[in-house]
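Enquirer: Dropping the structure in here first, questions after.
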Amino acid sequence: MLLSLHQLSVKFGKHLILDRINISIGRGEIVTIVGPNGSGKSTLLKTLIGAIKPVSGCIERAEKLKVGYVPQRLHIDEALPMTVFRFLTLPVQRSKKTISQALVRAGIPGVEKQQLNSLSGGQLQRVLLARALLEEPMLLLLDEATQGLDQRGTVDFYQHIDSFRKETGCAIIMVSHDLHVVMKNTDRVICLNGQICCEGTPEKVSNSPEYKVLFGLDDNDVLGVYRHKAASNQFNGSVLNVG
């Protein structure tokens, strides 16, 4: 295993956002987290990268775990000139070759000299993906990374992510509020609404009564699901107590 959450809870003031979450992520596994707006999906990812401190529970991490993170959006001050190359060398200086390779992996080659504020939403998401891939992550976190992309852009984005996974064996946690889009090779879907409502293969979750009740679906609604081959995993790491 790469990462395990045990009874993890997060509060904002008196408001309980995540309630006793238990999740384990294996090497090479793709996990998709779905849920309505305000269900705690983004909070969960921010907790995993250490941006939010849980009030209780523990996070167990594999030794020397490297995590890459692609946020929903990046707010850029239009008055601040910054090229893609400069952005990708902060805070760590990297060679032109390394930057170029990361952009190719993310499906947006040759934009090193462009200004960040000149990029389209889809282009910026790919640059953010390139930034995450620079870390050579063992675990890649995607927070609604395809939001704003059209269908072709979404498919292409996922293809580049899947190619990176096959190349490196990294695991992926992908967050989405779009109930009808599940990455082709998803091993497991977790339905979240403050608590874990249900989880399992895409086929299992799409037929779960809890899933249908939460999202107001009936039997005529279709979730895109795919056959897949589960990954086998081993764990060697340490426990981080946070509560």
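Backbone N, Cα and C define each Cβ position, glycine as well.
So Swiss-Prot has the following annotated:
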- Gly35, Pro36, Asn37, Gly38, Ser39, Gly40, Lys41, Ser42: ATP binding site (BINDING)
- 3-218: domain 'ABC transporter' (DOMAIN)
Enquirer: Return one of helix, strand or coil for Ser39 (ATP binding site), based on DSSP.
Expert: coil
Enquirer: As a test of the contact definition, list every same-chain residue at least 6 positions from Ser42 (ATP binding site) whose Cβ is closer than 8 Å to its Cβ.
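Expert: Those within reach of Ser42 (ATP binding site), by Cβ under 8 Å and sequence separation of 6 or more, are Gln72, Asp143, Glu144, Val175.
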Enquirer: If you count other CB atoms within 10 A of each CB, which of Gly35, Pro36, Gly38, Gly40 wins among these binding-site residues?
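Expert: When each Cβ's neighbours within 10 Å are tallied, Gly35 tops the list.
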Enquirer: Long-range same-chain neighbours of Ser39 (ATP binding site), Cβ under 8 Å, sequence gap at least 6?
Expert: Leu192, Asn193, Gly194
Enquirer: Cβ within 8 Å of the ATP site's Cβ centroid: which residues qualify beyond Gly35, Pro36, Asn37, Gly38, Ser39, Gly40, Lys41, Ser42?
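Expert: Neighbours found: Thr43, His177, Leu192, Asn193.
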Enquirer: 10 Å Cβ neighbour count around Lys41 (ATP binding site)?
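Expert: Result for Lys41 (ATP binding site): 24 neighbouring Cβ atoms inside 10 Å.
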Enquirer: Measure the Cβ-based neighbour count of Asn37 (ATP binding site), defined as the other Cβ atoms within 10 Å of its Cβ.
Expert: 7
Enquirer: So what's the average pLDDT for the domain 'ABC transporter' (3-218)?
Expert: 90
